[in-house]
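Asks: Please find one structure pasted underneath; my questions will follow.
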């Protein structure tokens, strides 16, 4: 049993799980996302280089990955601080920051934000998708990768003494690469030793979550302490979703606020809107999965911040929750989704 057993590890240290309150389990506060830059068509190249102002805001919102400035969330720390204070004023208590190695994790900024806002912030250990892996990462053995993950939780990340409280988001592509497979195996090994929470970013195929769970299981992971992110863009078929739900992991709908005609990172995917997400959450509740549902926004670009006319980190609490109540999801179930389920997941075994 780990010395962390029964606690949640935030960037400010260990806290009692009961202190968290309403928790968003998949967000970003300080990161860069250049790895997913999508060059615009030649006829739109000029607007892609303009600053973020009202006249081009709609274009940037709909072409988020074709505007380089939009991908630099780490430039907006003061705006994010204001948003976290607003989140807290609207009943928020904690936020899981999913930025890992490869997309500019900054634990020192996370610590400062936690100190200045009073929001509990949990940082993620590990590696993002293969496209961000360094040659050193690719050369590591599973054992060496396991050591890295454990060190970031037990001793500190980014050359600091600030410790991560989860492993993830662990990035997976489709098809999965050999380097990503090793990271998944290392994740399972570290989790088996530490009893820590794990969260996964699956590739953009409905088969990806199934494959990932199988690899984790074979390597000794605790699936009951593991979250599968981005189900709203990954498993769209109802029958397939219910089949996946039987595998026992947490089921995360974490793109609330994202409503797109064209999803740049997966052009074949018809991105659902928030009403569809709510219907999926209600379906999972009706099927007896209410103890394993999590929700978030996965904010990772500037134009999703309130400063730039976006929905911000309080959208679920201020807009989505009232609509969920209207659609028959009870207060008790919402407390499970927002408080109890995150608490259970984030608590070390």
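Heads up, the Cβ atoms here are built off N, Cα and C, so glycines get one too.
Pasting the feature list from Swiss-Prot:
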- 26, 28, 169, 298: divalent metal cation 1 binding site (BINDING)
- 169, 201, 230: divalent metal cation 2 binding site (BINDING)
Asks: Report the residues of the chain - excluding 169, 201, 230 - with C-beta within 8 Å of the mean position of the site's C-beta atoms, for the recorded divalent metal cation 2 site, in sequence order.
Replies: 26, 98, 168, 170, 171, 172, 199, 200, 202, 229, 254, 298
Asks: Which residues in the same chain, at least 6 apart in sequence, have a Cβ under 8 Å from the Cβ of residue 298 (divalent metal cation 1 binding site)?
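Replies: Sequence-distant Cβ neighbours: 26, 27, 28, 98, 229, 230, 254, 255, 258.
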Asks: Ten-angstrom check, please: count other Cβ atoms within 10 Å of the Cβ of residue 230 (divalent metal cation 2 binding site), all chains counted.
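Replies: Excluding its own Cβ, the number within 10 Å is 22.
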Asks: With every protein chain in view, what's the tally of Cβ atoms within 10 Å of the Cβ of residue 26 (divalent metal cation 1 binding site), excluding that atom itself?
Replies: 27
Asks: Would you list the other residues of this chain near divalent metal cation 1 - those whose C-beta lies within 8 angstroms of the C-beta centroid of 26, 28, 169, 298 - in sequence order?
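Replies: Not counting the recorded site residues, we get 27, 96, 97, 98, 99, 201, 229, 254, 296, 299, 300.
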Asks: List the residues of the same chain that sit at least 6 positions away from residue 201 (divalent metal cation 2 binding site) in sequence and have their Cβ under 8 Å from its Cβ, in sequence order, or write 'none'.
Replies: 98, 128, 129, 168, 169, 170, 171, 172, 229, 230
Asks: Looking only at Cβ atoms, how many others are within 10 Å of the one on residue 28 (divalent metal cation 1 binding site)?
Replies: 26
